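Asks: Below is one structure. I have some questions about it.
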Amino acid sequence: PARMGLPALALLLASGLLHTQASPSARSFQLDYEHNCFRKDGVPFRYISGSIHYARVPRPAWRDRLLKMYMSGVSTVQVYVPWNYHETLPGVYDFTGNRDVEAFLDLTAELGLLVILRPGPYICAEWEMGGLPAWLLWKPDINLRTSNPAYLAAVDSWLHILLPKIKPRLYQQGGNIISVQVENEYGSYYACDYGYLRHLLGSFRALLGSEVLLFTTDSTRAEELRCGTLQGLYATVDFGPGSNVTEAFGAQRRVEPKGPLVNSEYYTGWLDYWGEAHASTSTALVARGLEDMLQLGASVNMQVSPFLQLTSLPWPGADYKDQYKPVTTSYDYDAPLSEAGDPTEKLFAIRTVISKFQPLPVGPMPPASPKYAYGWVALQKVSAYPKGCTALAWHCSTAQPPPISLQYADLLDVLDVLSPSGPIQSQFPLTFETLKQVHGFVVYHTQLPWDVPDPATLGVPPHSIHDRGYVMLQKEYQGRLERDGQTTLHVTGRAGDTLDILLENMGRISFGANTSDFKGLLGNLSLNSRPLSNWLIYPLATDTAVQQGWPHTALPKSSSGGRVGPAFYTGTFETPGIAWDTFVKFPGWSKGLLWINGFNLGRYWTCRGPQQTLFVPGSVLHVGHPNNITVLELEGAPRTPLLLFLDRPLYNRTLGCSTMATE
């Protein structure tokens, strides 16, 4: 109750605050409405900023990436804080290791960079559920991003944990955080709930104080600016290359007639969806748009450095644009600073533009990180090795390695390992949220209730598969059911035959009309329109099992003789005395997940594309002893299941299983 009262008290402080110019203190960051600029310590100031997502960059690479951004000429970095990355379960917080946001912010200060913080609570960022925790959906009748009491209580509880960590790092407190965004692109959300924005404003003021500059970001559309802005929060806009800069800032001027011009998200690239072409944005167009904005005196934040998805769980989100559109594992969408931290032609073009408006740091740009093409790697020892290959794994310079055998296990044979608490009995299927399963997979198991001698239709109601189901009858793979795709299969069998559906969460919606994206079987499965019942439901803790050393500690023999359907493949390889960054290609594989030494490196989907490789940072590799590889293939492994380690990423220019991957 005390927490719920803070926003109302703080609104007395917030009202009209940003429209009053106070006398600058020794350290101040303020709006100057008379001269249409920021003032830092009383001096006119404009920032040139780049976005970096600490949650997508392995901690050992934080310094390298930040230093490269600094040397590119940016004075400021913009930083998202994903709520669900830190509050993994209600009241369970993690700020250790790669999640140590305070250490990351302290490193930015050490390197002389200012920070624009974007703590949400919703952030989008192409991140699972836009950073909102999936456990919010466990609450009945919750209404996200609104004044719903259950939602506000969870938000307030989170902000009381996060914002006290932020306050000592505000610029006015001697730190380097010059401004803080409240929510994100709220105008694009259906709710248009000003009471919600007022509540957030009050909470931020109560916990951060009256001096910090708070702002919003929305597109240039009039309707979105109407619903996403609020008095007391400085309104900024976002737009990309090719936009008419004068018109775009004209939209900002309609809601902020005075004050600095700000583009909070200048898109130097665009996102990739599975099944669509790899994004590419013209370097010349990016440079020209940046120069046009800087000539107007605007402050700009660029999406300079989208990086990899290296976390303990895969976190890519999805958009909803007439259909469900999951985003790729890699966050390198033709970025100026690549997934592996390599400066690109686009980065140097941006650096050249910046040099026309302010001095660049003295010294050379740090070089690209070293890469190594470890070559072909098989997932099991073999008894004979061709010349030029290592003894612990295939590591060959030959274009085509010889056939090998492979140790593997069907997923259905190891449910006791993956679901140690056992199944949940239910008359009808339950969603991930009902099961309190946040990520990953759930197995739904039942039996055919009658003989099916002739092909019968196994199907689900429309919009009931979230997101992808892999169907096995008597442990034999039958095919898949897919959200916004195929929702029926034809099967035959006998009464009592086992029926299993492995349901995959492909990422909760991070941008779209509604972020309440429930997962699993949302409706009942039927056979010739007759509902099936009596389910055993297994929530799978796959990541936990792999992180604890399984299956390398004890991989059982499979009961199946085929390599079609969900199965684990495992093996080891050694590096030749170095642990450099590398990229893994999956020749002939279909779709699945990769772990190396317990690190979940994300999803591959070779037939769907465009991404054909997964980035492996050298920091996850071992030198001097074997590296454990685990692959969960969901549809079908190649006859000769090998991985190929390269020194560069690959993408499809055209899509489909028969197409060639290109650089």
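Positions of Cβ are set from backbone N, Cα and C atoms, glycine also.
Note that TrEMBL annotation is computational and uncurated.
Below are the features listed in TrEMBL for this protein:
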type: ACT_SITE; residues: E185; note: active site, proton donor
type: ACT_SITE; residues: E265; note: active site, nucleophile
type: DOMAIN; residues: 38-356; note: domain 'Glycoside hydrolase 35 catalytic'
type: DOMAIN; residues: 429-540; note: domain 'Beta-galactosidase 1-like first all-beta'
type: DOMAIN; residues: 566-624; note: domain 'Beta-galactosidase galactose-binding'
type: SIGNAL; residues: 1-22; note: signal peptide
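Map these features onto the structure and tell me what's around them.
Replies: Counting only residues at least six positions away in the same chain, the Cβ atoms of C124, T217, D218, S219, E224, G228, D238, F511 sit under 8 Å from the Cβ of E185 (active site, proton donor).
Listed in sequence order, S51, T217, D238, F239, N301, Q303 are the same-chain residues six or more apart from E265 (active site, nucleophile) with CB atoms under 8 A from its CB.
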Asks: Tell me, what is the mean pLDDT of the domain 'Beta-galactosidase 1-like first all-beta' (429-540)?
Replies: 95
